[in-house]
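Chemist: Features from Swiss-Prot:
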type	residues	note
REGION	95-128	region 'Disordered'
COMPBIAS	106-128	compositional bias 'Low complexity'
REPEAT	322-361	repeat 'WD 1'
REPEAT	364-403	repeat 'WD 2'
REPEAT	406-444	repeat 'WD 3'
REPEAT	447-486	repeat 'WD 4'
REPEAT	490-530	repeat 'WD 5'
REPEAT	535-576	repeat 'WD 6'
REPEAT	582-611	repeat 'WD 7'
Amino acid sequence: MFSSQNNSYMMMMGGGGIGNINNNQFYSPIISTSAQSFNSIVEWKRDIIRQLNDRNQNQTNNYSEFMRIYTDLLKRERTLNDRTLLYEKEIVSLRNEKKTQQQPPSGSSKMDSSSSSSSSNRVSGMGSTIEEMEQKLFKLQEDLTNSYKRNADNASSILLLNDKNKDLQNELMSKEIEIERIRSTIQQDLDSIKRLEMVVIEKENVSQIIRDELSSLQTEFLHNESKVVKLEQENSSLVERWLRKKNEEASKMNEANDFYQKMVEQRDSTPAKAAVQLSESISNLVVKLPDANDVPIPIVLERGVFSSEAMLPSKAKKRWTGHNSEIYCMAFNSIGNLLATGGGDKCVKVWDVISGQQKSTLLGASQSIVSVSFSPNDESILGTSNDNSARLWNTELGRSRHTLTGHIGKVYTGKFINSNRVVTGSHDRTIKLWDLQKGYCTRTIFCFSSCNDLVILGGSGTHLASGHVDHSVRFWDSNAGEPTQVLSSIHEGQITSITNSPTNTNQILTNSRDHTLKIIDIRTFDTIRTFKDPEYRNGLNWTKASWSPDGRYIASGSIDGSICIWDATNGKTVKVLTKVHNNGSSVCCCSWSPLANIFISADKDKNIIQWE
């Protein structure tokens, strides 16, 4: 009975998925690890199977020797049982034979004495054999009992080991859960580290912006210090001259009073003599003006008369080097007598258009100036820079009034809404509106693409149009900060400039890297006219097109140094100006003055050309 229990226990152990015993090795009957099936399973299933096989290997190695011993004991038990049964059968047969011999039949008394004696001898020999067999049987029963005891001990050990294995499995599962939790915590910590690294990078960028601004302010401060010294010296000289002139005027006034008193006294006595003395005294009172070299007299430029028809340029009149590096932008003031240019030498230069002489240099930027514009009253100049800031200078004095910081990318464009408000567009995909009286940003508009240029629509400044790197023109309500219209397919290349029509407030002109210019009606958002020419190639991301003040012509510079001029009314090419700018030097900007009688262009090779 105990043997059958052990056999059923072995069947339970072998059939329950723990393992089978075969040639002293332990194998899992559940998981197949053949090469063909293993390679056909996806990677995550392979990992699970590999982990289960590792677990089975770890769990079976501890019991393989024990199971082998247990199997040997079972075999010995079966052998002993077979031998015991055999001996028991022999004993039974011997006992039966002995009983038969002890009770002979009735005819047996007639046997002879010799056969009786031989039978008794054989019975006595068999009795000794039976005793030996009984002793062996007793021994075998003892061995069998001991084997049962050992099997019972082994079974209890197996149960204990199973319990221990379950505990270890539970502990392993808890450890795996803990490991998974720790992994999740580590991943969260890594994500936090990445976020903190991004914050650190952002803070470093802000710090770099502040350092650049500090450097520019220090440069501006040193420049202003030298200007202050010069102005103080000039002021002292002017005060001295003013006092001297006041003293001279006072002395002349005293002489005039004395003369008047004398004339009153002599009026009645000798009228003729008094008239002669009066004429002599008046001639003595004539004040000789000081020489022009002694007293600086401000030069007032002749503004000229507005021409109803814009000049069509044909040849170069003047040519000069504008900057120490390539030129990026230029702008006229409202009456056309001043021209501001910005370049890669980090400064804005103001030029007298009539004489072609430089009037002032505006400093403070730490990188290239990429956009300039005059305020409506011409008192200020706005310049935007690649140092992520925009600056405002006083036109007459050349002093910096404001430094507008807040963008985190290059500021590509800036325009005046009025004398106290400006708007800037940046590579950081934002448009910012600024209050110049308070000196800070009043609104930030997120435009989802780098802004290359923008214009103000209408006089109120509430509506804007901007051109972007993603080939789109966007129209904005600055009060809401939301786009009112997006023209995403207006061009096939990025927009390089947007210009208001000087004669029609409902039209704007766009220029693009797809080598075309287009007039857009801002009421219907339709393209009215497209301008292109085989010789026109827009070669720069900041190429600015120009509209003549009378609205008749449109001009833009090409990558080969030529300038194309179109008729705005029919889109036909009127003229192509060549062989003036260096061949291969892109013309970055060209413009008519507001008086329509001057046309100026600039290129990457630092040249400024005035046409006639």
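Glycine too: its Cβ is placed from the backbone N, Cα and C atoms.
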Chemist: Averaged over the whole of the repeat 'WD 7' (582-611), what is the pLDDT?
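Modeler: The answer is 88, the mean pLDDT of the model over that range.
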Chemist: Do you know the DSSP helix, strand and coil residue counts for the repeat 'WD 5' (490-530)?
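Modeler: DSSP composition of the repeat 'WD 5' (490-530): 0 helix, 22 strand, 19 coil.
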Chemist: Of the residues in the repeat 'WD 4' (447-486), how many are helix, strand and coil by DSSP?
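Modeler: The composition, in the requested order, is 0 helix, 23 strand, 17 coil.
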Chemist: Using DSSP, what is the helix/strand/coil residue split across the repeat 'WD 7' (582-611)?
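Modeler: Split into helix, strand and coil, the repeat 'WD 7' (582-611) gives 0 helix, 16 strand, 14 coil.
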Chemist: Using Cβ atoms and a strict cutoff of less than 8 Å, what residues sit near the repeat 'WD 2' (364-403) while being 6 or more residues removed from its termini?
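Modeler: Sequence-remote neighbours of the repeat 'WD 2' (364-403) are 209, 212-213, 215-217, 219-220, 223-224, 227, 325, 328-335, 338, 340-348, 350, 409-416, 418-419, 422, 424, 426, 428, 434, 436, 439, 453, 542.
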Chemist: What are the DSSP helix, strand and coil residue counts for the repeat 'WD 2' (364-403)?
Modeler: 0 helix, 22 strand, 18 coil
Chemist: Count up the helix, strand and coil residues in the repeat 'WD 1' (322-361) according to DSSP, in that order.
Modeler: 0 helix, 21 strand, 19 coil
Chemist: Could you break down the residues of the repeat 'WD 6' (535-576) into DSSP helix, strand and coil, giving a count for each?
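Modeler: The composition, in the requested order, is 0 helix, 17 strand, 25 coil.
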Chemist: With DSSP, how much of the repeat 'WD 3' (406-444) is helix, how much strand and how much coil, in residues?
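Modeler: Going through the repeat 'WD 3' (406-444) residue by residue, I get 0 helix, 25 strand, 14 coil.
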